Amino acid sequence: MVEAQKWTMRMSNPRLDTAATADDHVLDIPTTPTAEVRNGIYTFGSHLTPNLLTALIIASWFMSNTGVLLLNKYLLSFYGYRYPIFLTMLHMLSCASYSYIAINFLEIVPKQHILSKKQFFKIFALCAIFCFSVVCGNTSLRYIPVSFNQAIGATTPFFTAIFAFIITCKKESVKVYFALLPVVFGIVLATNSEPLFNLFGFLVCIGSTAGRALKSVVQGILLTNEAEKLHSMNLLLYIAPMAALILLPFSLYNEGNVARITLEKAKTDPFIILLLIGNATVAYLVNLTNFLVTKHTSALTLQVLGNAKAALAAFVSVMVFRNPVTMTGVTGFAVTIMGIVLYSEAKKRSKITTY
C-alpha cells in the first residue's frame with residue numbers, strides 16, 4: 001500500500017514568481033487503495049486472524065472427513081442404498097465439477113496441464129488404483145462398523161512400508177519397522193473382539209487400505225519428474241473424471257441401471273436426492289480441506305490430525321449408530337493409533353539422521 005505523501009510544486013518561470021506565489025503549493029496525494037477495496041472484493045478469511053482461520057479450516061477438515069464416513073455408512077447400511085460403486089462414481093463426478101469451478105473460476109491454485117501422453121497414462125494408472133481403493137472402502141462400510149473400518153484404515157503406514165520395500169527396495173531403519181509392530185498387534189486385537197465382524201467387509205477394507213498405500217508409493221515413482229508433478233487439486237481435477245468413466249461400466253454390470261432406480265425412488269422419497277447431493281459435496285470438501293490444512297499448517301500436521309480423526313470418527317459412529325464395542329476392541333484401536341504415532345516419530349527422526 002502506498003502511504004500518503006506530500007509533494008511540493010514550485011512555479012517554473014521565475015518572472016512569474018511573486019510574493020503571493022512564492023509559497024510552496026502543497027499537493028496531497030491520497031493513499032492508493034488496494035485491489036480488493038477498488039473492486040469491492042474481499043477474499044475468504046481476509047478479515048480473520050491467522051490463528052482463527054487455521055482453527056476454522058481444521059474444524060472443517062474434521063467435519064468433512066467424519067461427515068463423509070457417517071453419510072456413506074447411513075446410505076449403504078441403514079438407508080438401504082446398496083450401490084457402493086455408483087455412489088463412488090457420484091463422488092468422482094462431484095469432485096470433477098467442483099474442482100473445475102475451484103481452479104478455473106475461483107483460481108484457488110494455478111491450473112496445470114497434462115503435457116504428454118506418457119504423463120496421461122501415468123495419471124490413468126494412479127486413477128485405477130484410486131478407484132479400487134475408494135470403491136473397496138465404501139463397500140466395506142456396508143458390512144462393518146465405521147469404528148472397525150477406521151481401525152483397519154489406520155494400518156496404512158504398514159502397507160506403505162511393505163510396498164515401498166517390494167517395489168522400490170527402499171529399506172527403513174530398524175526403529176521404523178519396530179514401531180509398526182503395535183499397529184499390527186492392535187488391529188489383531190480389534191479384529192478378534194469385533195462383535196459385528198464380517199469377513200467380506202474386513203477383506204475389502206484391507207484392500208482399500210492397501211490400495212491407498214500403493215497409490216502413495218506409485219505416485220512417488222511415476223510423478224518424479226518436476227515437469228510432470230501436479231498439485232493435489234490439479235491431480236484431482238484430472239483423476240476424478242477418469243475415475244467416473246472407469247466406474248461407469250462396473251456399476252452398470254454389477255448394480256444395474258442405478259440412475260433409473262434412484263429417480264424412481266425419488267418420486268416417493270425426494271430426500272434421497274438431497275442425501276446424494278450432500279454426500280457427494282462433502283466428498284469433495286474432504287479433498288479441499290486436505291489441501292487447505294496442508295497449506296496453512298504442514299503435511300506432518302495433516303498426518304497427526306488423521307490419527308485424531310480416526311479416533312473421533314470411531315467415537316461419533318458408535319454414538320450415532322449404537323454399534324456394540326468391547327473393551328478389547330477399544331484397546332486394540334488405541335494400540336494401533338499409538339503405533340502410528342510411534343511410526344511417525346521414528347520416520348521423522350530417521351529423516352533427520354539421514355540429512
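A Cβ is built for glycine as well, from the same backbone N, Cα and C atoms used for every other residue.
Residues or ranges marked as domain 'Sugar phosphate transporter' in TrEMBL: 55-344. Annotation comment: TrEMBL describes 52-71, 83-108, 120-141, 147-167, 174-190, 235-252, 272-293, 327-344 as transmembrane segment.
Taking Cβ pairs closer than 8 Å, the transmembrane segment (52-71) reaches residues 45, 141, 146, 149-150, 275, 278-279, 282-283, 285-286, 288-290, 292-293, 296-297, 305, 308-309, 312-313, 316-317, 320 in its own chain, all 6 or more past its ends. Within the same chain, the transmembrane segment (120-141) packs against the transmembrane segment (235-252): three or more Cβ pairs sit under 8 Å, each pair at least 6 residues apart. If you look at the transmembrane segment (83-108) against the transmembrane segment (174-190), you find fewer than three C-beta pairs under 8 angstroms, all six or more positions apart, and that falls short of contact.
Model confidence over the domain 'Sugar phosphate transporter' (55-344) stands at 91, taken as the mean pLDDT rounded to a whole number.
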